[in-house]
Every structure is written in structure tokens, then in C-alpha cells.
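I have placed the structure first, in the form of C-alpha cells, so that the comments after it can refer back to it.
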Amino acid sequence: MGLDFLDNGSIFEHAITCAEFGKFHYFLLALCGLIYLNCAISVSVVSFVLPSAQCDFSLSSTDKGLLNAIPLLGMLLGAYFWGCLADMHGRKKTLIAALLMDGIFSLVSSVLTFFWPFLFCRFFSGFGLSGYLGICFPYLGEFQPKIYREKVLSWLEMFWTVGIILVPLIAWAIIPMTANYDIGIFRYSSWNIFLTLCSLPSIILALWLTRFPESPKFLLECGEFDEALDCLKRIYTENTGEPGDAYPVRSLIENEVRCSVISIQSKRSLRSVKTVKTSKDLKNLLKEVWYQTKEMFKPPHLKNTVLTCLIQFGLTSSYYTLMMWFPELFNRFETFETHQPGMDASVCQVSSVYIEQDGALNTADLCGSAVGGTVYTHTLWIGVACIPMSLLMPLCVHRVGAKFFLVMCLFVSGVASAALYFVKNSLQNLVLSCVFEAFSSLGISVLLCIMVDLFPTNMRVMAAAASATFGRLGSLIANIIFGLLIDSHCILLIIIFSSLLIVSGLLSLALPNGDGKDLD
């Protein structure tokens, strides 16, 4: 598949290496890193808005659960859609569209005063978020020479860490403010300001992305050799300061006759369906999407597709569920320790005592209340705890390989989640939460890095989207199960999540080693 007719992609690797590594790549890393940072903010933003918005929307507990789940539903339904679009119209255009969708719908939601329209906008914000979350890694990776690819992709985790740190800081600075503006039915308060501020980066990044080219690897895969060469010349000029004519590669076509025959037989690209104007065009598009999907589930890609989908299911469902519920657990510990000072209790005991003694809190009028201070500080510490691993991976990944980090992250995360059963106070709970976040978030980034090497260009984003779909499905199911069992069957939840992570670690041992591999 891919560039098999170009000696397994060696000509492209030679061409991208001749473009050298320099200023262009640093700017591209900054852009993609900020996009990934924005993902961390967008995923976390609702958990800080929820307590402050409950009065404005008159939210019941069911409504809160729905508001937590609806962005995940948007991410579930959007992942594969964006993957198909990226393989049809290119990485750049799809990234811009996804960023704009998230930014615009999030911005609109920040000024809405009715719950159901707000829910509608958060759904499409999640829909757009799933697009740039899945495409960011392939887009950045397809510009990198193989000697730098893993290291550059690994630095994206640091941007995610910075995003996790920034969210509580921004929320802490804005949400406790007493700013309220009432004009008739329109109400704009501090949590609206917070949401507005968090929606702007998506729009700004989409505008900045227009200054960057399409992936040269994608252009080459689609047979657009002149456009790919122009892109490589531009990279060469920005990196070296030399004119494009000085670029040493004159052509990306080794043998035009051989190319025209073998490439048609060995690959198909959704790029061939450029527009959808009639029902016949739509039918052809759906046929191409179905063909690409079937190809992922056939040898030689079947094993990698199944493994990455299963690993993503176990890892993502555990990560998103526990991270969304950690603030709630922090609040429960704070409530318990306020009423029972000096008394030790496990997570499961705290939950049962919380319900027995303070069940009235679930229905009390909490208008105007904000997130407790410990939630801000604990969430901040969780982000800070990610820094060491985020630095360690790019420094060591070229020596030990991305697969080593993935296996390590899954096993350590599984042990940390199992150890939650043995915690006796909020400090121990915070330490384990930090360990879990540091390794599980890194695991998600490492898996996305690995997938860049596992699949050819014409199905790379679709494969990432398929695995992301499994992950979002797991997150939805796990969040529902968590809400049902946290108070009455806490130990069962701990067993489920720790088992999912450890089994995912065992499955990751079966992944091939793709270190230093040419891009197909």
C-alpha cells in the first residue's frame, strides 16, 4: 500500500530529509502542539462550568450527567466522519473545518441562556474536537524525516500537560468572579466569560493553519507530484534560506509508467471523489469509504486495526471516565474530612458515607456556588505531575522505542487505578490520581504516535479515527456505568478499570516495532 512503487517510500524519505529540519518544523510543532493543548482545554472545560451553570439552567442530576455525556457522544460520532474527510480532502482543510466547528459552537454556547440549545452546541463542539484530536498527529508526523518523527510527535504530550495545567488556573481566575450581566432573558456571568475565553483558541489556530501547506506525503499519495514537490521546496527554503531552485530533488516520480499502473492497483484514495453534487457522487463516495474501511479489516492491516481499537477502548474509557470523576471524588473527600476530621476512609467508604450523610446536597439550592478550591488545586497538581513523563519520553523514545512507553504506561496506570481501593485519605487519593493522569495521558499520545507508523497514508487518519471511535464508545459506556456503581459497587468499578488497562498493556505487547520505519 501507499508508496510501495517508490521502493517502500524511500524516495519520499530521501526528499523530506533533503528539505532538512529547521525553522519550518519548529513552527509546525508549535502549531500542532497548541492544537493538542487546545484539545486538553476543550475536553476539561465542562467539568469546571457545570457547578456554576447549574443554577442558570436549573440542572437536575440527570441533566448534569447528560451535559457530561453529550460532548463525548459528539466525539464518538465525529471521529470516523473526520477521518474519512481527511483522507478525501486532505489533512489541512479538515483540520481547519474541525477547529472552526469546535470554536464557533463553543463560542455560541457561551452566550446561551437555555439548556437544550446549550446542549446542542456542546454536542457539535465535541463533534469538531474529535476531528482535530485525531488528525493532529498524522498531519505533524507526515512532515517529519524518520530520524526525528517519534521525538517530534512525543513533544506533543508536553503541550497536553500544559493544557491540563492551564484549565484550572484560568477557571480559578475567572469563575469565582462575581460578574453578572442581565438584559431581559439574557444572562452573562463569570462562567460564560470562562467558556468564551476557552473557545477563542480554536478559531485563532484555524486561521493560523491557513498559512501552512498540505501534507506533502498526502499529496504524493494522491498522485499530485508537482504540488508535493512545491511543498518540499517551500520547507527547504524556510529551513535553509536558500531558493526553491536549490532544492536537490528535481522529481518525485521514479518511473511514470510503473507509477501509473501499480499505484492504481495497490491503493485507492478518497481524494478521487472531490465533490458530491449528485446522488451518484454520494453513492461513489460511500463505496470508497466502505472500501477503505474493509481494507483496514483485511490482512495485512487486520491485526494492527483490531489491536489499536481494543487498546484504545481500554485506555480511553478508563482515562476519560476517571479524569471526569476525579473532581467529584476530591469533593467527596473534602466533604467527608470536614464532617469527620482526622478519620481515615477509602474512596469507596467516602462515597457511601457521602450519600448517607449528605444526600441533601444533591438537591440543595446551590445557586451561585463555584467549584471548591481544592478541586482547582488538586487538578493543578495533577497537571504538574505530568511534566516529568512528558519530558522523559521525547528524550528517551528514540533509544527504547514508543512501544516500550505504551506498555509501561498501561501497566502503571492499571496498578494505580487498582491501588485506589487502598487509599485512606485525600492526599493518598491525590497522589494516585497524579500517577494515573501522568501515565494514562502519555499512553494515549504514545498510541497515536505509534499509529502514524502502523498504517499507510491513504488509511492513516481513518485508522486513527476508527480506534478513536472505539475509545469514545468505551468512554460513554464507562461514564454511565461509573455513575450507576460509584455509590453502591465501588470495588467493582476499580476492578473493571484496572483490568481494562492491564489487558490493554498485554495487547500492546503484540504490536509491531515501528521505530525508524519509512512512512508507507
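Cβ coordinates are placed from backbone N, Cα and C, and glycine is handled just like the others.
The stretch that TrEMBL tags with transmembrane segment, taken from the ranges 306-326, 348-368, is 306-326. Counted over residue pairs separated by six or more positions, the transmembrane segment (491-511) shares fewer than 3 Cβ pairs under 8 angstroms with the transmembrane segment (190-209), which leaves the two as not touching. With respect to Cβ pairs under 8 Å, the transmembrane segment (306-326) is most closely packed against 462-485, considering the stretches 95-116, 190-209, 462-485. Between the transmembrane segment (190-209) and the transmembrane segment (65-83), the number of CB pairs under 8 angstroms, six or more residues apart, is fewer than three, so the stretches are not in contact.
Residues 311, 314-315, 318-319, 322, 346-348, 393, 397, 429, 432, 435-436, 439-440, 442-443, 446-447, 450, 491, 494-495, 497-502, 504-505, 508-509, 511 of the same chain lie 6+ residues outside the transmembrane segment (404-423) yet bring a C-beta within less than 8 angstroms of a C-beta in it. Nonlocal intrachain contacts for the transmembrane segment (379-397), taken as residues 6+ away from its ends with a CB within less than 8 angstroms of a stretch CB, comprise 150-152, 154-155, 157-158, 160-169, 172, 326-327, 330, 405, 430, 433-435, 437-439, 441-442, 446, 449. Take the transmembrane segment (462-485) and the stretches 26-50, 65-83, 95-116, 122-140: counting Cβ pairs under 8 Å, 65-83 has the most. Ranking 65-83, 95-116, 122-140 by CB pairs under 8 A with the transmembrane segment (152-175) puts 122-140 at the top.
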